[in-house]
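Here the structure is laid out as structure tokens; the discussion comes afterwards.
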């Protein structure tokens, strides 16, 4: 049907005029009655069309800016559920999705343009190396086999006691769902796919793949962390696809990627931190200052979203994250630093707290990794990263009286001499960025990376368990130790081991493998329990108290980085692969190679036709 407003206007007026025209003929009473019934029916039809059809048929196409303005999402911020403008029609619909994404997801054709064979051709080396990264010396091989055994032990207990749940509670031997994933299940399964595959645990990998195919239901209606779903589920599915070529991973990740897009429906395009995966409504974390978005969350989407565009052929994912970068380049940065809180409404910083640890960390990681993943063509990311590094060195890098280099936090110009475990990734980050900075700075960056990694190792070696605390301080006579009870816990975090792995790859200094083995021994002694691995509440206590949680990132990151540390460098070589912040390997995008291969394929197809 068409609305009368969409019909040719003369025709519309003519129909109503015909119905209302009096007849010149004489009619019997019964005929007049029939005529009046017919007349009233036409009048009702005309007025019904005029009043009701336009409201139904003139709704904007989802994705159109006018539609988004007319049907603004109900959003929450700072713990409230304040309702913004909305329309009654909007209340019964899922959140606005860009029509380009919808068509790409449903027709399935745009993504098919991506050639998995072309991707493999454009790798410089086989992903799993000549011999799956097997080290030549027996001691290193034995250590690698031990890490593999730890992974199988963690996986088997998850499968036995928590299968399909997000994480295992090893003391009580049951599953944990949590509230970060919006109703999605199986976080440990998706997080483990690539780890199982590169370790050669193929039976376990096939179990995980089968679960994803048959049980990973993306039609959830819960409240999810945009950041966590992106790095764990999107990252995990992307890496599983690139490593194996299994189409099910590609299908699932494209469907999930579309569900994240409504979070960007803000006045600035800066996404909010929490999204309902079913309705698309989004809001900020209740604890975030003044309804702000978090730097480490909206700044940790770039790698995954570029690959979503790469697989789908749809530029919208890339446009979303490039818009974030455009805004960040435009606004003023205090002393060149990026504060942790930004308003998604005004696009201004909310407060001047700067940290390379929690709230800020992976934003900086994704700048240098965006540059590396672009085959070193993303010069904007390169410039942003090294400018940020200059500001960090000027304002945050400190040396303790004992000679330890650390990264302090910055609160409106006042330094807080604290470094979090999360900030210990920065040793590896600075190391992989050493080659492409200002002229003559390579060795300086390698030295800085080594010093920070050494400090983080000290935070481990100075505890009773030889595991590091959540945060450690450099004041009141303390160095690289936690002075507050609330900072003494260890939850199987990977960041220190991550830096060991990168520094080994960059320098081949044997101390990094020795430090990694110390961590393995500590994990075995203090975190291994009868039914899995658990975090501990106090790294300084000789008798440990377990927290009853086997985190999914322990399988995805901690054990994967340990396995790579004891493997040859050709297992996931850094020339070809960039790890997202959940340690999921994503391939370098060599656009020229992919285009040339695509052109060759098209030419061959034309000749066949």
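Each residue, glycine too, has its Cβ placed from N, Cα and C.
Curation does not apply to TrEMBL; its annotations are automatic.
TrEMBL lists 228, 470 with the feature active site, proton donor. Annotation source TrEMBL lists active site at 361, 495. For 581, the entry in TrEMBL reads Ca(2+) binding site. Among the features that TrEMBL reports, compositional bias 'Basic and acidic residues' is placed at 61-75. Taken from TrEMBL, the feature disulfide bond covers 424-456. Feature annotation from TrEMBL assigns region 'Disordered' to 61-107. Residues or ranges marked as transmembrane segment in TrEMBL: 33-53.
Taking the features listed in TrEMBL, we show where each one sits on the structure.
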residue	record	CB count, 10 Å
228	active site, proton donor	21
361	active site	25
424	disulfide bond	31
456	disulfide bond	28
470	active site, proton donor	20
495	active site	24
581	Ca(2+) binding site	25
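Nearest neighbour of residue 424 (disulfide bond) by Cα distance, taken over the active-site residues 228, 361, 470, 495: 495. Between residue 470 (active site, proton donor) and residue 228 (active site, proton donor), the C-alpha separation comes to 19 Å. The recorded positions shown are 456, 495, 581; of these, the one with its CA atom nearest the CA of residue 228 (active site, proton donor) is 581.
Each residue contributes its Cα atom, and for residue 456 (disulfide bond) and residue 495 (active site) these two points are 9 Å apart. In this structure the alpha carbons, written CA, of residue 361 (active site) and the residue listed as 'Ca(2+) binding site' are 10 Å apart. Residue 495 (active site) sits 10 Å from residue 581 (Ca(2+) binding site), taking the CA atoms of both as reference points.
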